[in-house]
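Structure record follows, encoded as C-alpha cells.
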Amino acid sequence: MPASPLEEYNRKRDFNKTAEPSGAKSPPSANPVFVVQKHLASHLHYDFRLEIDGVLKSWAVPKGPSASPKEKRLAVATEDHPIQYASFEGVIPAGEYGAGKVIVWDRGTFQNLKDGKTLEESYSTGHLVINLQGEKLKGGYSLLRTKMGWLMVKMEDEFARPLSDILNEQPASVISGRLVEEI
C-alpha cells in the first residue's frame, strides 16, 4: 500500500523534464471536479478523471466517453493524479511516462447519485453513479468495475444522444480551443 495516494504518480515522472504538475492530496471540495483529457500518446485515448478523496481517480478510456446509453466503454483504472492535473494541457516529453500531447477535452463538476454511499464507498465497491455538469458531457453516467476493468455507460436521461458521435462533433479543447494534434 503506498504511503501517499500520489506516490505512484510522482514515482513515474521526472518533474525536471515534464510540465505535468507534481502534487499532494488536496482537501475535499464541496463541488468535486471531473476532467476528460484527450491524450495522443503511443495510442490515442481519453483519460477520465473524477475528484474523489482529494485526488483525481483516473481511467484510460480507449474509445473515449459516449453520449449514447447503447455504448458501453471500457475504462482501465490508472494511478491517481493530483487535482491540479485537471487543467494540464501540453506535451509530455519523449522518454517520460505517457509521452505525447494532452488537451482538456471536457471539464466540469459532478454529483454522486448513489443514495447512502459516499463517493469513496462507491469507488471501493466498484459502482459509481454520477451526474456530470461539463461543457460537453452532461447528465448521468455509471462506472462499473468488472473482471476485465471498468465500464463507463451513459444513463438514459434528457442529455442522452443515442445517434451522436460527440468525440468527432466536438474535438477541440475546452481551454485552448485547439485540437490535440495542434499542441
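Each Cβ is built from the backbone N, Cα and C atoms, and glycine gets one as well.
Residues 51, 53-55, 79-85, 88, 90-93, 95-98 of the same chain, all 6+ positions outside the region 'Disordered' (1-30), place their C-beta atoms under 8 angstroms from a C-beta of that stretch. TrEMBL lists 1-30 with the feature region 'Disordered'.
The compositional bias 'Basic and acidic residues' (8-17): residue composition by secondary structure is 4 helix, 0 strand, 6 coil, according to DSSP. Annotation comment: TrEMBL describes 8-17 as compositional bias 'Basic and acidic residues'.
Mapped onto DSSP classes, the domain 'DNA ligase D 3'-phosphoesterase' (37-145) shows 12 helix, 62 strand, 35 coil. The feature domain 'DNA ligase D 3'-phosphoesterase' is assigned by TrEMBL to 37-145.
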